[in-house]
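Features of the protein shown, as given by Swiss-Prot:
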BINDING   LEU123, GLY127, HIS128, LEU129, SER357, PRO358, PHE359  (6S)-5,6,7,8-tetrahydrofolate binding site
MOD_RES   LYS232  N6-(pyridoxal phosphate)lysine
SITE      HIS231  site 'Plays an important role in substrate specificity'
Amino acid sequence: MTMIFDKGNVEDFDKELWDAIHAEEERQEHHIELIASENMVSKAVMAAQGSVLTNKYAESYPGNRYYGGTECVDIVETLAIERAKKLFGAAFANVQAHSGSQANAAAYMALIEAGDTVLGMDLAAGGHLTHGSPVNFSGKTYHFVGYSVDADTETLNYEAILEQAKAVQPKLIVAGASAYSRSIDFEKFRAIADHVGAYLMVDMAHIAGLVAAGVHPSPVPYAHIVTSTTHKTLRGPRGGLILTNDEALAKKINSAVFPGLQGGPLEHVIAAKAVAFKEALDPAFKDYAQAIIDNTAAMAAVFAQDDRFRLISGGTDNHVFLVDVTKVIANGKLAQNLLDEVNITLNKNAIPFETLSPFKTSGIRIGCAAITSRGMSVKESQTIARLIIKALVNHDQETILEEVRQEVRQLTDAFPLYKK
């Protein structure tokens, strides 16, 4: 009998699936990736995630598993835990959360009860679905009240947030964002939380790599719980991470993840997280993170100097920025689709005090982590900004759009994603 194990590779065994995978590899290779939540992992991360660890079930935690034969995965998970603790200066780490959303769900479960009041950043102001959107579990389970940004500066107004916290008396305050381009003052957030007797949870999913490298202030000394993804600026596999310095909360977090929300952990993904944490502990990672910030600032500055576009909040301190494109094209959705046609990938995004529907939006969101992983610098970042402007301003001129496609191809050829 021919065993399934004899099917040595995807290309030979499942050509239809392989073609789709290969097409995605080609798309990544020849498109400029500017989606702020995406990055490009190393081959070592991919190798760990594709290892035999995918075969092993390991419910519970190292040294206390429900199944036998876990001595090897215990080593793997412990490596990931210890590296995460060292990387972020935290006393405790849970690396089992399958995603950032599940990490947030576990944090909520550890800190509050269903129906409790939570103060979180409004989605339209730059927050995340899990920070209280009514269509998300967070908004359905807890009583979320949204805080926004200042109408004039489009930045967080900590005095206003304090007054709002006094008014609603939340059990928990959530800081962190998915589309906020400015540095967040976590010390001020902790002071607000302490003033009203609330817990502080920080979702640092977008900025985790910058925090790890020390180029963005860390929330770990101030938050009761910090959650994150392990991809985005951290450049690891898609997954979640939870940190705390409080032993009692660490126990609650572990119980919330397992058995509260999940069964067996994905040890192959945890191995890939361990690789990514080791990569981020290398001194060279700080140079990478600083390059992200430099590239993002350089790209944003090009838009700031063009009065046909409006840079939200006037600039950026991290890996991301938002641009109001409605002076040159009807909405962000059309901008996203047009740029897709010239092989530049980004996403439509609501801007503060948005007037269009979430399916259209006035803005686009741009992030520079992925192009920095390819080795692009300030010069290329400025070039990409000019190409975006060229395409959007001339969105009905196919000859010019073809010029942009060719210039994009020249850039991607000069900075190959995975050298053959």
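Along the chain as shown, residues are numbered 1 onward.
Glycine is no exception: its Cβ is also placed from the backbone N, Cα and C atoms.
Known features from Swiss-Prot, placed on the structure.
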residue: LEU123; record: (6S)-5,6,7,8-tetrahydrofolate binding site; Cβ within 10 Å: 24
residue: GLY127; record: (6S)-5,6,7,8-tetrahydrofolate binding site; Cβ within 10 Å: 25
residue: HIS128; record: (6S)-5,6,7,8-tetrahydrofolate binding site; Cβ within 10 Å: 24
residue: LEU129; record: (6S)-5,6,7,8-tetrahydrofolate binding site; Cβ within 10 Å: 16
residue: HIS231; record: site 'Plays an important role in substrate specificity'; Cβ within 10 Å: 27
residue: LYS232; record: N6-(pyridoxal phosphate)lysine; Cβ within 10 Å: 28
residue: SER357; record: (6S)-5,6,7,8-tetrahydrofolate binding site; Cβ within 10 Å: 10
residue: PRO358; record: (6S)-5,6,7,8-tetrahydrofolate binding site; Cβ within 10 Å: 13
residue: PHE359; record: (6S)-5,6,7,8-tetrahydrofolate binding site; Cβ within 10 Å: 9
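Distance between Cα atoms for HIS231 (site 'Plays an important role in substrate specificity') and HIS128 ((6S)-5,6,7,8-tetrahydrofolate binding site): 16 Å, as a whole number. Each residue contributes its Cα atom, and for PRO358 ((6S)-5,6,7,8-tetrahydrofolate binding site) and LYS232 (N6-(pyridoxal phosphate)lysine) those atoms are 23 Å apart. Here the Cα atom of HIS128 ((6S)-5,6,7,8-tetrahydrofolate binding site) is found 14 Å from that of the residue listed as 'N6-(pyridoxal phosphate)lysine'. Comment: (6S)-5,6,7,8-tetrahydrofolate site residues LEU123, GLY127, HIS128, LEU129, SER357, PRO358, PHE359; largest CA to CA distance 17 Å, whole number. If you take the Cα of PHE359 ((6S)-5,6,7,8-tetrahydrofolate binding site) and the Cα of the residue listed as 'N6-(pyridoxal phosphate)lysine', they are about 23 angstrom apart, rounded to a whole number.
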